[in-house]
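Enquirer: I have a structure here, written as structure tokens, and I will follow up with some questions on it.
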Amino acid sequence: MAKEKFNRTKPHVNIGTIGHVDHGKTTLSAAISAVLSLKGLAEMKDYDNIDNAPEEKERGITIATSHIEYETENRHYAHVDCPGHADYVKNMITGAAQMDGAILVVSAADGPMPQTREHILLSRQVGVPHIVVFLNKQDMVDDQELLELVEMEVRELLSAYEFPGDDTPIVAGSALRALEEAKAGNVGEWGEKVLKLMAEVDAYIPTPERDTEKTFLMPVEDVFSIAGRGTVVTGRIERGVVKVGDEVEIVGIRATQKTTVTGVEMFRKELEKGEAGDNVGVLLRGTKKEEVERGMVLCKPGSITPHKKFEGEIYVLSKEEGGRHTPFFTNYRPQFYVRTTDVTGSITLPEGVEMVMPGDNVKITVELISPVALELGTKFAIREGGRTVGAGVVSNIIE
């Protein structure tokens with residue numbers, strides 16, 4: 001048992017393990033919790049406990065994910081681990097478990113494998129900002145030169161996907177050996193390597209900006225007219241803070257408009273300010289009810305712009321998940337549900353990709369019929385006749 005209760009005053013960071021199947025992601029997750037539990041900073045979670053991940057539904061997509069939590073001297077971490085490759089793909093694309101950074105696990109005995117590459121690419125596409133590497137199974141490699149060769153390969157692979165390969169911290173060790181030591185009740189030479197890894201994670205992955213510190217953005221859910229007071233726009237504040245007197249822009253669907261906030265209320269009570277996570281009504285000066293509609297966003301002026309054409313990384317639901325039963329081709333025209341509204345758009349598949357089958361993940365180019373407030377990392381659902389057939393994230397804005 002942990003000796004003390006979790007201390008919530010430490011900065012909180014979300015991380016996860018990524019990498020090829022059987023390279024030791026789950027063993028490492030168990031080893032981290034085991035080694036830190038000896039320091040009273042975590043509760044020991046067994047491998048089986050993590051590997052039998054409960055299935056969760058995120059926008060109708062079934063994802064198996066394990067969540068563990070632990071602390072280092074400096075931080076509190078929430079850590080996600082997925083049992084299967086498909087679960088990782090779905091997790092990263094839907095943002096079910098947002099990651100501020102990732103630990104890439106590569107077997108020193110095998111070197112980078114296809115899913116190593118795919119997880120690095122996905123991290124780049126979906127905006128996982130920082131990666132630290134653990135070269136696992138070091139106990140199976142007698143040749144120091146081989147270890148250095150694998151390290152070089154990993155650095156080159158990271159650089160190929162625009163991560164700073166040369167500056168990425170890489171720690172070698174053995175998750176299994178560290179776990180065995182910790183179960184015997186001590187932090188030995190292998191446990192020290194896990195602590196070294198966590199020290200690198202502490203130092204290299206920055207503490208994320210809190211949602212309230214970001215620029216203000218609120219998707220519009222509904223619009224009302226209040227006699228004598230003007231137009232009220234309601235929604236849940238996605239990020240930032242809004243207060244009376246703030247200038248805001250209304251972006252999306254039509255030409256961008258500027259206005260001033262004259263009131264912020266929650267449950268009919270006046271608030272000094274609304275902040276990320278609050279469901280509020282925002283009163284706008286001189287704005288007519290018919291000028292605002294669901295699907296637009298209120299935001300800090302200049303912080304987000306409307307776009308029609310973008311590239312996205314998508315996961316297409318399988319038939320079992322309630323998705324399509326048949327593939328789709330270029331020029332497929334579904335609805336793209338962004339934040340609070342559906343907008344029709346047409347899909348262009350990459351060169352050399354004839355069609356996309358249910359259960360696949362692919363990069364697509366989308367052209368919407370009307371502009372929507374978009375930025376890198378904006379999540380969307382793909383819908384057809386009201387049912388979700390895919391999920392995606394904006395990876396590049398074209399126009």
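Every residue, even glycine, has its Cβ placed from backbone N, Cα and C.
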Enquirer: Could you check which of 45-48, 53-56, 81-84, 317-320 is flagged in Swiss-Prot as region 'G3'?
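Expert: Swiss-Prot lists region 'G3' for residues 81-84.
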Enquirer: Which of these ranges is annotated region 'G2' in Swiss-Prot: 60-64, 215-219, 380-384?
Expert: 60-64
Enquirer: According to Swiss-Prot, which listed range is region 'G4': 8-11, 116-119, 136-139?
Expert: 136-139
Enquirer: Which range, 19-26, 339-346, does Swiss-Prot list as region 'G1'?
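Expert: Going through 19-26, 339-346 one by one, Swiss-Prot flags 19-26 as region 'G1'.
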Enquirer: Under DSSP, is Gly19 (GTP binding site) part of a helix or a strand, or is it coil?
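Expert: The three-state answer is strand.
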Enquirer: Fewest neighbouring Cβ atoms within 10 Å: which of the binding-site residues Lys25, His85?
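Expert: Comparing Cβ neighbours within 10 Å for the binding-site residues Lys25, His85, His85 has the fewest.
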Enquirer: Are there residues at least six beyond either end of the region 'G1' (19-26) with Cβ under 8 Å to its Cβ atoms? List them, or say none.
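Expert: For the region 'G1' (19-26), the sequence-distant neighbours (Cβ-Cβ under 8 Å, at least 6 residues beyond its ends) are 47, 50-51, 66, 81, 83-85, 104-107, 110, 112-116, 119, 136-137, 175-176.
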Enquirer: Measure from the Cβ of Cys82 (GTP binding site) and count the other Cβ atoms within 10 Å, all protein chains considered.
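Expert: A count of 24.
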